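Going by Swiss-Prot, these are the annotated features:
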- 20: active site (ACT_SITE)
- 148: active site (ACT_SITE)
- 106, 107, 108, 109, 110, 111, 112, 113, 114, 115, 116: ATP binding site (BINDING)
């Protein structure tokens, strides 16, 4: 019998929760239920939040670092843990956990922070609780929490269609990015409810999309409604190809080298805050998970 907070398996406690970028995003329609249909290209960043997850033997789920403005029971971290906790699985392990988060990704930034947090919890607790679910099963669970959760669960850069749930592995070039948060948070419904949002971009095959300049159909709305986004993008575009990610508010510029990205960051105006990160096609979460499994097997 284990005691509360004692690790149940030898996996270390810290788990990455990486950011993502939408390298392009096109709205191709809207369903009767209001969900928007899209085509988008997801790539991860080697930058993000970090979760510390310690199993418990009393079936309690505790978030030790509440996020301001978000009730614990509504936090995707807690919701993901409780969803997996209730899933029937062939495991004798008590399903509880203490979870804390070192949060650096902004809310309402278009970097997928909440979805990534949920995916990290699902992937980590599936291992720690010995649930034995496949990534496909975890992705199906995650989809009920948010359309972006499955791509984080599966852990590979992907071309997404439908409402974001139809994923096809992709291999975009792993560039360096300067990501800027313009100092405003944009709730997704503000963009998707705007009557001027383009909702009829023609559906195209991935090969055609990759051979044309990338764009984001949400960008004109974000620039129109949020002066901070307009100013940040106008500044970035002086130095490199730049776009909005997701529905914003973060914007990003792409570079071939880390040094060139950092050089531009070093001259950014004081009112702009950002970071430099590498685009990666295999999620840092899955790299860490593979290492934990190999470490456990060696023991």
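Cβ from N, Cα, C; glycine included.
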Neighbours of 106, 107, 108, 109, 110, 111, 112, 113, 114, 115, 116 excl. site residues, C-beta within 8 Å of centre, ATP: 19, 105, 246
Distance [Cα-Cα, Å, rounded] between residue 112 (ATP binding site) and residue 148 (active site): 7
Integer Å distance between the CA atoms belonging to residue 110 (ATP binding site) and residue 148 (active site): 11
Inter-residue Cα distance where the pair is residue 108 (ATP binding site) and residue 20 (active site), in Å: 13
Reduced DSSP assignment, residue 148 (active site): coil
For residue 106 (ATP binding site), nearby residues of its own chain (Cβ under 8 Å, 6 or more apart in sequence): 113, 181, 185, 249, 250
Conformational class of residue 116 (ATP binding site) under the three-state DSSP mapping: helix
